[in-house]
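Enquirer: Structure in structure tokens, see below.
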Amino acid sequence: MDHDAVLEEIGGFGKYQIKILLFLLLPVIFSSANTVAYIFIARAPPYRCYIDQCEQFESATYDQDWLQYAVPGSISSGKFVPEGCFKYSYNDIAITGNNTCQANLFSQQIIKCDSWIFDENEVTMINDWPSEMTCTENEWKLALIGTSNFAGVMMGSAVFGLIADLYGRQPTFIFANIFMVFTGIGQALSISYTMLFIFTLLNSAGTTGVYFSVFVLIIEMLDKKKRELSSVLLNYMFAIGGVMAGVIVYFERNWRHLTLWIAAPPIIFIFEYWFVPESLCWLLSNKLYSRAYKIVQKAAKDNKKELSANIINQFETQNGFKASELQESQALKKRSKTNYIELLKSKILLIRILVLCFIWSTNTLVFYGLSLYSVSLSGNIYFNFIFGSLIEIPGTTIAWIVMNKIGRRYSLVISFLICGIGSVVGAFVDAEIVWLQVCSFLISKMAISTAFTITCVYTAEMMPTNTRSGCVGAFSTISRLSSLLAPFVPLLKNYYSFLPLLVFGSFPLAAGCLSLLLPETLGSSLPDTIIEAENIGI
């Protein structure tokens, strides 16, 4: 039975779909917030050496008038910024704990310290385990938390994508939401770096399960004229989730409290089990016609549509077809049955799959890499992050418009090229020209948001039904191999300041060129078989 034909009968975008959309989209906000929160959890707050001759550890504060005498550092915007791990040796004069340190009490010999005082305005994981994560040689441990986050996304994409294809979109969505909540709470209660690493991995898997199960549910629920809404709406919610995380962390600087604020509330969405139905497309593809018919009747009633005698007759015959037509249909399905092995045997689809792997990898590397880089820009790190999240909304809106105006392929090409050019230009902008640096960053972030939105819709429109969720999950999984490197790319600035943005600019330029190899899918029906998928755009 043709899914698109059934959607035409019941209405592809009516009261029924809108009601379900409201239930589906709210959890995505928290999924997004959980995904990006690690940027602040694993951030290095300002810290300096503890000067035991000049202060008491219990009452010491980060800013002191005498710091420039006691520790090496630099002047930034008229303010002394101390180095984090070195101090000047003391001349051994008997003055302790009275905050009367002066320049003549210190020599110019630089020594490394083993105790630190942190900026009291921000509490990250480093505050809990300072000896393990302070100083340049330990920066990789902070980046490794980011890698754990992306590894979890990679794991979640693979596992939850396959679960959704095997057992259905709706139970996968509910389970992933519950999994996200409890692993997020586990993050907040972590008592060691290793424990935090593991729960970050698991939590990211859960957030990905929520995101992709919702994505597939929406794209299979809407008709082809509204299909791009799946990616557009999800990216709106993802941007709102990023803004929410930025606002929460602006007011709540303690990483454990921040994690609980973001992780615990989604437990209320467990009630959606009784309000979110299974994907009609999945039910029809798996010949679960009895369950599908109940959904069709409910949707037609909500959308005030009258089912035709033809559709009713198809459902009322046991397998959805008249007996004389059943054997022919089953034979056809046997010849054209789609599975993952047959998908890779198609040369046409194999080329598209390889191109999509690179495109997805570029999207994740650059999108999350730029999000990480936002807290390295000049100015207020919280506002930079919030603006970097807000700019995703116009980027997504542009994707929505251009996908329908000029098609998926050329929209993707143009957005990649703009992102690449913006990043390369930003790489060579003087750090003192803050407005230009921030503008080039925002243009690049907006463009990669546009590309990401288009890619999600574009990919789903090219893949056959029986492998759609699994393929989207597989592409996301493969793309995370590159995103594992995203937390480390900003560290390249320790060698040359322009390197991070140069990396973030090169990949989109290449992806834009490769996108020309893909077919146009605007206005095409979702393919059910390999043959239909091969013929898209022809």
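For all residues, glycine too, the Cβ spot is worked out from N, Cα and C.
Per TrEMBL, domain 'Major facilitator superfamily (MFS) profile' is recorded for 100-523. Annotated transmembrane segment per TrEMBL: 20-41, 142-164, 171-189, 195-219, 231-251, 263-284, 349-370, 382-403, 410-429, 435-458, 495-518, in sequence order.
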Enquirer: Which sequence positions outside the transmembrane segment (195-219), separated from its termini by at least 6 residues, show Cβ-Cβ distances below 8 Å to it?
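Expert: Distant contacts of the transmembrane segment (195-219): 20-21, 24-25, 27-28, 31-32, 34-35, 38, 125, 144-145, 148-153, 155-157, 159-161, 163-164, 169-170, 172-173, 175-177, 179-181, 183-184, 186-187, 227, 229-231, 233-234, 238, 263, 276, 279, 456-457, 460, 468-469, 472-473, 476.
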Enquirer: Under 8 Å for C-beta pairs, could you tell me which stretch among 20-41, 142-164, 263-284, 349-370, 495-518 has the largest tally with the transmembrane segment (410-429)?
Expert: 495-518
Enquirer: Using Cβ atoms only, state whether the transmembrane segment (171-189) and the transmembrane segment (20-41) have three or more pairs under 8 Å that are 6 or more apart in sequence.
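Expert: These two segments touch.
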Enquirer: Compare 20-41, 142-164, 231-251, 349-370, 382-403 by their Cβ pairs under 8 Å to the transmembrane segment (263-284) and return the stretch that comes out on top.
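Expert: Looking at each of 20-41, 142-164, 231-251, 349-370, 382-403 in turn, the most contacts to the transmembrane segment (263-284) are made by 20-41.
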Enquirer: Looking at 20-41, 231-251, 349-370, 382-403, 495-518, which one has the highest count of Cβ pairs under 8 angstroms to the transmembrane segment (142-164)?
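Expert: Looking only at 20-41, 231-251, 349-370, 382-403, 495-518, the most contacts with the transmembrane segment (142-164) come from 20-41.
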Enquirer: Are there residues at least six beyond either end of the transmembrane segment (231-251) with Cβ under 8 Å to its Cβ atoms? List them, or say none.
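Expert: Residues 21, 25-26, 28-33, 35-37, 40, 211, 214-215, 218-219, 258, 261-262, 371, 382, 385-386, 388-390, 392-393, 395-397, 399-400, 449, 452-457 contact the transmembrane segment (231-251) from elsewhere in the chain.
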Enquirer: I need to check the long-range neighbours of the transmembrane segment (495-518): which residues 6 or more away from its ends have a CB within less than 8 Å of a CB in the stretch?
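Expert: The answer is 351-352, 355-356, 358-359, 361-363, 365-366, 369-370, 373, 376, 408-409, 412-417, 419-424, 426-428, 431, 444, 447-448, 451, 458, 462, 489.
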